[in-house]
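This report concerns only the one structure given below.
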Amino acid sequence: MSQPNILITGTPGVGKSYLCEKLSKKHDFNWIDCSKIAKDMDFVEEYDAEYNCPILDEDKLMDYLEPVMAKGGNIVEYHGCDFFPERWFHGVFVVTCSNTILYDRLKARNYDEKKLKSNIECEIFGTVLGEARDSYKADIIFQLNGETRADAEKSLDMIENWYSIWKLRK
Ligand SMILES: Nc1ncnc2c1ncn2[C@@H]1O[C@H](COP(=O)(O)OP(=O)(O)OP(=O)(O)O)[C@@H](O)[C@H]1O
Ligand SMILES: [Mg+2]
């Protein structure tokens, strides 16, 4: 594989898309926003009325992504990471954010109180970071901070460095 597959994960609103957009433009990576694909391709199992969100049909998404991932050169974005095949990813980046900043971002999206609370708890408990640690080898997992623009610049530098090393090692 001449290009790696990168996973950018973290609680909704931490800044995954912000990083993916910049990286995909700079390196010509294929940015795969799983939530968007699920919606566009109707990979939705049912609608969760309690949390007011669609429930992803993981199997349909996996079948769709398998040939795409085999080619390499993808940046995959999703707010969960425990159901992807481990073999797909060369680097897993978990974006985290302070819960006060995250609260304001999700509030600006007009999330209702229940959805807000569950997402903030997800961030406080480090749920996605825990999922990543349970699902991938420790040496490919990196934690990034998504609070400020300066943090995003640092994160982009870190991913750039990781990419340079990946190219040297491959
Ligand atoms: N590092 C940052 N500094 C300041 N603002 C940021 C940063 N990263 C993202 N934002 C802002 O926070 C909001 C949420 O960011 P973004 O859409 O990238 O989150 P996300 O993790 O992709 O969310 P989702 O899981 O819903 O896809 C956007 O308005 C974005 O401009
Ligand atoms: Mg996003």
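Heads up, the Cβ atoms here are built off N, Cα and C, so glycines get one too.
Here Lys16 (ATP binding site) comes close to Ile8, Thr9, Gly10, Glu77, His79, Val95, Gly146: these same-chain residues lie at least six apart in sequence, with C-beta atoms under 8 angstroms from its C-beta. Annotation source TrEMBL lists ATP binding site at Gly13, Gly15, Lys16, Ser17, Tyr18, Arg109.
Annotation source TrEMBL lists region 'NMPbind' at 33-56. This prediction places the mean pLDDT of the region 'NMPbind' (33-56) at 90.
Taken from TrEMBL, the feature region 'LID' applies to 108-118. Among residues of the same chain six or more beyond the region 'LID' (108-118), those with a C-beta under 8 A of the stretch's C-beta atoms are 13, 50-53.
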Handout entry: Longest CA-CA distance among Gly13, Gly15, Lys16, Ser17, Tyr18, Arg109, per record bound to ATP, angstrom
Key = 15
Completion exercise
The correct DSSP tally for the region 'NMPbind' (33-56) reads 7 helix, 10 strand, 7 coil
Completion exercise
Distance filter, Cβ under 6 Å of ligand 2; input binding-site residues Gly13, Gly15, Lys16, Ser17, Tyr18; output Lys16, Ser17
